[in-house]
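Undergrad: Let me give you the structure first, and then I'll get to my questions.
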Amino acid sequence: MIKKASLLTACSVTAFSAWAQDTSPDTLVVTANRFEQPRSTVLAPTTVVTRQDIDRWQSTSVNDVLRRLPGVDITQNGGSGQLSSIFIRGTNASHVLVLIDGVRLNLAGVSGSADLSQFPIALVQSVEYIRGPRSAVYGSDAIGGVVNIITTRDEPGTEISAGWGSNSYQNYDVSTQQQLGDKTRVTLLGDYAHTHGYDVVAYGNTGTQAQPDNDGFLSKTLYGALEHNFTDAWSGFVRGYGYDNRTNYDAYYSPGSPLVDTRKLYSQSWDAGLRYNGELIKSQLITSYSHSKDYNYDPHYGRYDSSATLDEMKQYTVQWANNIIIGHGNVGAGVDWQKQSTALGTAYVKDGYDQRNTGIYLTGLQQVGDFTFEGAARSDDNSQFGRHGTWQTSAGWEFIEGYRFIASYGTSYKAPNLGQLYGFYGNPNLDPEKSKQWEGAFEGLTAGVNWRISGYRNDVSDLIDYDDHTLKYYNEGKARIKGVEATANFDTGPLTHTVSYDYVDARNAITDTPLLRRAKQQVKYQLDWQLYDFDWGITYQYLGTRYDKDYSSYPYQTVKMGGVSLWDLAVAYPVTSHLTVRGKIANLFDKDYETVYGYQTAGREYTLSGSYTF
């Protein structure tokens, strides 16, 4: 059975690995309840991706990392840097909470959903990904799941890397972490990435004029962190990063008007924290500030022309979290405060606005014999829509040694974004979107196979839709999502296998029509092995049929997009103990497919890279 001490000492060895790239159940995660705990004690399905996984996959974007994970469906308007959406278990892209080191991603407050095509892969040291409701812990947005991107580096040393590939792709990266005495360490990183790209849009989706040009992407990134241990229990940190991106895209063109087809994004974030890590009590206080400027403009006229748009947001947050060990588990409590300030014109609002939110939450985890219980409750006080409460509860029963049944229920919500509230078509009387979710799961270890199978249902109400007749946003939509998820990982001799299957039936509960851009079925398979010092990896992904809208003519028609099977091949060779050379072929069989109707994907792509560590 699961050892009770595992909840106290974070050193359990159990069968329950919850499908992760790092398959050790001892892996510590912080996202589930904001404090470190073994992944095996988290009842929600959880995936952990390490930097070693990212290097082995040779991913050049965050989207390429996330697309491999269970329950994730990513759509993108073309290649690198183009607009993308993350759907988790069939929910809307705006129903995914994206955190950077536990702090809400700033830009999501403007658009209502996180576009991770712009976030630099160089900053990602690990990813913790939890499926299911988490609003009772984090507040708004956590309906489909939570993605926590962690930038903290674990190992000291210096790495220099470079890569080249198809479509004139090039990447140069330098990072270092140095120990200053016994108690202080400094981390620095600089990254440059550029691709000429390709023409992403077929004629018809850009108005009356084709735009046969390359739609490229350029990103420059800087990162710095200082960490200091004052005593064995007290520590603190200061951290900051910024990136400067330029994206060329194909836009809808009206004759006689400027062609707005270039995006320039400036983003910077700073945070500082103080932590206490005692034997029974843990506490942390974190403050953060982030500022983003997102321009869209015609390069012939520049960013400051009247035809250009600017979305600008400043975000301030304070988080105070506490955790105490009680019995064979723990209790946590904390307060979140957030202020978002927008400039005039952001998200087409007529004036600048401030929005404040204060959340108070309580979490608990306890083991009683063969049973594990988890619960959370939260109350948010928002300056726009007032108070809103959420809660969730889960129970796990190890009915046979190595086999567990889990049942859970949770509520969650999504606050209306600033454009929906205050934009030209906005409605300041909007309520939050609300969700009720149920899930049942079995998991275990059978003949060396770590497996989990779960079924879930998610009813979402008060969805915010645009009314063509009144030209306003209203809470009038409903969605009903049912799904099955199965995951497994196992070894056969020198081969390591990781596989997942997703079936998602996501429908408009009023019209009973499928929700757009969600694949009904997905199969994902990762095979890794080593042969004569070469590390090989094969990635397979099947994307099932999905529906979308054809916007090339009015009235817009619903179109059905066929499924596709995709293969990637990656290989790495350690030339010396310091120098590693890597190569990859993505979309090995050059499949022609789209995830957004009318926006082409890249086809077969090659990359070659090398890294030197010392």
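Cβ atoms here come from the backbone N, Cα and C positions, even for glycine.
Grabbed the feature section from Swiss-Prot, which reads as follows:
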BINDING   Asp199, Gln211, Asp213, Asp215, Asp250  Ca(2+) 1 binding site
BINDING   Asp213, Asp215, Tyr249, Asp250, Asp261  Ca(2+) 2 binding site
DOMAIN    38-152  domain 'TBDR plug'
DOMAIN    155-614  domain 'TBDR beta-barrel'
MOTIF     26-33  motif 'TonB box'
MOTIF     597-614  motif 'TonB C-terminal box'
SIGNAL    1-20  signal peptide
TRANSMEM  158-165  transmembrane segment
TRANSMEM  169-178  transmembrane segment
TRANSMEM  184-195  transmembrane segment
TRANSMEM  232-248  transmembrane segment
TRANSMEM  279-296  transmembrane segment
TRANSMEM  371-381  transmembrane segment
TRANSMEM  385-400  transmembrane segment
TRANSMEM  403-417  transmembrane segment
TRANSMEM  494-509  transmembrane segment
TRANSMEM  517-529  transmembrane segment
TRANSMEM  558-572  transmembrane segment
TRANSMEM  602-614  transmembrane segment
Undergrad: Treating G and I as helix alongside H, and B as strand alongside E, what does DSSP give for the domain 'TBDR plug' (38-152) in helix, strand and coil?
TA: 32 helix, 35 strand, 48 coil
Undergrad: Give me the CA-CA distance between Asp250 (Ca(2+) 1 binding site) and Asp261 (Ca(2+) 2 binding site), in Å, as a whole number.
TA: 6
Undergrad: In angstrom units, rounded to an integer, how far apart are the Cα atoms of Gln211 (Ca(2+) 1 binding site) and Asp261 (Ca(2+) 2 binding site)?
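TA: Given the Cα positions, Gln211 (Ca(2+) 1 binding site) is 10 Å from Asp261 (Ca(2+) 2 binding site).
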Undergrad: So among Asp199, Asp213, Asp215, all listed as binding-site residues, which is physically nearest to Tyr249 (Ca(2+) 2 binding site)? Use the C-alpha atoms.
TA: Asp215
Undergrad: Check the transmembrane segment (494-509) against the transmembrane segment (403-417) for contact, please; criterion is three or more CB pairs under 8 Å, pairs 6 or more apart in sequence.
TA: no
Undergrad: May I ask you to report the DSSP-based helix, strand or coil state of Asp215 (Ca(2+) 1 binding site)?
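TA: For Asp215 (Ca(2+) 1 binding site) - judged by DSSP and reduced to three states - the answer is strand.
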Undergrad: Below 8 angstroms Cβ to Cβ, which residues of this chain, lying six or more residues outside the transmembrane segment (558-572), approach it?
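TA: Sequence-remote neighbours of the transmembrane segment (558-572) are 55-58, 513, 516, 519, 521, 534-550, 580-589, 591, 593-594, 597.
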Undergrad: May I ask you to report the DSSP-based helix, strand or coil state of Asp250 (Ca(2+) 1 binding site)?
TA: coil
Undergrad: Applying a 10 Å Cβ distance cut-off over all chains shown, what neighbour count does Asp261 (Ca(2+) 2 binding site) have?
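TA: Neighbour count, Cβ to Cβ under the 10 Å cut-off: 20.
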